[in-house]
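Colleague: From Swiss-Prot, for reference:
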ACT_SITE  E90  active site, proton acceptor
ACT_SITE  C335  active site, S-methylcysteine intermediate
BINDING   C110, C114, C117  [4Fe-4S] cluster binding site
BINDING   G157, E158, S187, S216, L217, H218, N292  S-adenosyl-L-methionine binding site
DISULFID  C103-C335  disulfide bond
DOMAIN    96-330  domain 'Radical SAM core'
Amino acid sequence: MALKALLGLSQAQLETWAKDQGLPPFRGRQLHDWLYAKGARHWHDITVLPAALRQQEPLPLGRSNELERHLAQDGTLKLLLATDDGLSLETVGIPTRDRLTVCVSSQVGCPMACRFCATGKEGLQRSLEPHEIVDQVLTVREVMQRRPSHVVFMGMGEPLLNSDHVLTAIDCLSRDLGMAMRQITVSTVGVPNTLPRLAELALERLGRAQFTLAVSLHAPDQALREELIPTARAYPYEQLLEDCRHYVAISGRRVSFEYILLGNLNDSPRQAQALAEQVRGFQSHVNLIPYNPIAEEEFQRPEPARVDAFAAALKQRGVAVSVRASRGLDQNAACGQLRRQRQGGR
């Protein structure tokens, strides 16, 4: 099988590759340094390799081409990147004073069709390869000239429909880029028969399941959840929560829950009370996300007072809660707004 990309290979794998080329193992270590520390983009740029090797047919490093970049007023960066097969994807860099979070995509498009999310409006093209996920982190690092501290799989796609490649990418981010696995979050809207298996696969392949799992609920009951998330019809609320309990038992890590707040639809104090009942016993954290508008839907962003009241109702019932600040709204880079659309940026 032809090598798809060098990016994503470990130092040991690159040393083996060097041996196969008749080179000493230290060439593999040098290549590892150029791929991950220096962020090499082109084969010919790796000047430590022998000239004769560099002049041969270039090997695929696995780096994307930047199509557009958009910088929001709050400093959030949105990049439109091109894949080798002519598709495109979006990734986002979210800076604060003491951290840089990269919001990565796991698929080109998304099949889940959540009504409040722009990505699902275009359907699924394909799942991303591990190197295409790692490349997003390297590209944001390169453009923003800052080392990413956190990675969240909250961009385009449903990570649990690409769990094999997602876990491979997480392994690379931890092993080769030195990221703490606890600073990596995998977000899912829920796919039947995948949550316990994700924990088992992480233990088998990574030796631990230390990344954070964030499960998107978005409603306090099955009926409303089905209205917002069509695929929820195949995944009863009770079964989703039971699978979350199994995940916790296997991984030893708590689950966090995400809840998008839609004005006058799922943001009442009564619904907050119902949500608190659903997550009772999880010792979990609920992350509230005020809706970020998209063109195709008429959902409303909730008034700040309703957001505060919803959060207060959860806290009164012993639920740890936070409200996510919307970042990159003026460039359609906020949660739920990614869609592979060219806007004429740099």
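Cβ coordinates come from backbone N, Cα and C, glycine included.
Would you situate these features in the structure and describe their surroundings?
Modeller: Other Cβ atoms within 10 Å of the Cβ of E90 (active site, proton acceptor), summed over all protein chains shown, number 27. DSSP gives E90 (active site, proton acceptor) a strand state.
Look at C114 ([4Fe-4S] cluster binding site): DSSP puts it in coil.
Cβ neighbours of S216 (S-adenosyl-L-methionine binding site) (same chain, under 8 Å, six or more residues apart in sequence): S187, T188, V189, G190, I229, F257, E258, Y259, I260. Reduced to three states, the DSSP call for S216 (S-adenosyl-L-methionine binding site) is strand.
Long-range C-beta contacts of C103 (disulfide bond), restricted to its own chain and to partners at least six residues apart, with a cutoff below 8 Å, comprise T91, V92, G93, I94, V152, M154, G155.
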Colleague: Calculate the distance in Å between the alpha carbons (Cα) of C114 ([4Fe-4S] cluster binding site) and E90 (active site, proton acceptor), and round it to a whole number.
Modeller: 18
Colleague: Tell me the Cα distance separating N292 (S-adenosyl-L-methionine binding site) from C117 ([4Fe-4S] cluster binding site), rounded to the nearest angstrom.
Modeller: 9
Colleague: Distance check, please: Cα of H218 (S-adenosyl-L-methionine binding site) against Cα of C110 ([4Fe-4S] cluster binding site), rounded to an integer number of angstrom.
Modeller: 17
Colleague: Taking only the binding-site residues E158, L217, N292, which one has a CA atom nearest to the CA atom of E90 (active site, proton acceptor)?
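Modeller: Of all the candidates listed, E158 is nearest in space.
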Colleague: Counting across all protein chains present, how many other Cβ atoms fall within 10 Å of the Cβ of E158 (S-adenosyl-L-methionine binding site)?
Modeller: 27
Colleague: Where C110 ([4Fe-4S] cluster binding site) and L217 (S-adenosyl-L-methionine binding site) are concerned, what is their Cα separation in Å, rounded?
Modeller: 17
